[in-house]
Amino acid sequence: MAVFKKKKTSLTSLFLGCYKAKNASKYEGGEKAVMKIRTCPAFKRLSLSDISDPSSPMSVMDDLSHSFTSQKLRLFTLSELRVITHNFSRSNMLGEGGFGPVYKGFIDDKVKPGIEAQPVAVKALDLHGHQGHREWLAEILFLGQLSNKHLVKLIGFCCEEEQRVLVYEYMPRGSLENQLFRRNSLAMAWGIRMKIALGAAKGLAFLHEAEKPVIYRDFKTSNILLDSDYNAKLSDFGLAKDGPEGEHTHVTTRVMGTQGYAAPEYIMTGHLTTMNDVYSFGVVLLELITGKRSMDNTRTRREQSLVEWARPMLRDQRKLERIIDPRLANQHKTEAAQVAASLAYKCLSQHPKYRPTMCEVVKVLESIQEVDIRKHDGNNNKEGKKFVDINKFRHHRKGKRRVNIAYSDSLVYKESKAKQNDGI
């Protein structure tokens, strides 16, 4: 875990006049609803660097209690979470990721007075895993302040002794990973796959276009959650980073992420930009098109890396038909598949300056959806909306010289519990 220096400046000065503070007394056993924001046009989103001592739980709790947000985050006690999850019963377990196990639970006003009755997902930190207090705090700082229909909603959190827990809205269809790769599951229709791709793209575009940009850094199928209507929402912001501001072109950081999804220039140099997320999106789009995992050691050596094997075939119509998920049969429209494949090809460019922005990605996917809807309704009017041509977007970003730096502490993070080929 990173070591942080304690800052002397209080957060109070950042929010003077913007918040109505409540009494910040003892936290054990009692609810501490985090502050509501008053009308404050100069509101600045908090970052990890704004916390006076990120490594100290009590300092963090004190800073949070004086700071945000309009979303009314709830502080849960460990005893309340035991009630919600039936004592963290294995029968309630939904899955397990890099942060730790996730349980299904239910909350109502008997547990928390005034709270809406609803199912929830409770994610508890694995004290022996790869992640810890910093990732828990990052999750609160990002999802506690950012609100969008394509980001999973954070309801509250728990911080008692070494325990770190997060409480989210429950997503009935689970992760895209499970829906796409689980054995014996029904094949997802082409239209559903493109709907999910569009929703996830809108989530990334929202982060990248924020006044203070956010780089998600760990975009993959297991972090895309689906509601009952297959609306996609991004989850797990433990590895997210604030993007470069002003004249800065990138953020330099230790390489983190998941094998098979991180952009090559990020792995090579540790230079992080929004283009890393665009590359990761291209990997997921390729998985949606082919129905294959990004990395699979059970495949032939030539095909183990999906990107290396499939990308060269994305621009050849005859070869493209060979790599499209055979479970789709004739569901997909040839032209729509070609547009999606061309988009994936662009996102997976080795040079970041040739990748589209996420806003451009959204425009292409929206055109696919609109044309598909029109054809489904029997409206084949040639004067109607056409596919957006990704090749016509101008490369307005300045090219950057690639610097080959081998970071001695670089690490491509792998999930603590190997998920590949285990039937999940």
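Every residue, even glycine, has its Cβ placed from backbone N, Cα and C.
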Of Lys72, Lys112, Lys123, the one that Swiss-Prot places in the same ATP site as Leu94, Gly95, Glu96, Gly97, Gly98, Phe99, Gly100, Pro101, Val102 is Lys123
Given the ATP site Leu94, Gly95, Glu96, Gly97, Gly98, Phe99, Gly100, Pro101, Val102, Lys123, its other Cβ neighbours within 8 Å of the Cβ centroid, in chain order, are Ala124, Asp126
Filtered by Cβ under 8 Å and at least 6 apart in sequence, the residues in the chain of Val102 (ATP binding site) near it are Met93, Leu94, Gly95, Glu96, Ala121, Val122, Lys123, Ala124
Rounded Cα distance in angstrom between Asp218 (active site, proton acceptor) and Gly98 (ATP binding site) is 11
Expressed in angstrom and rounded to a whole number, the ATP site built from Leu94, Gly95, Glu96, Gly97, Gly98, Phe99, Gly100, Pro101, Val102, Lys123 spans a maximum Cα-Cα distance of 14
Out of the recorded positions Glu96, Asp218, the residue with the smallest number of other Cβ atoms within 10 Å is Glu96
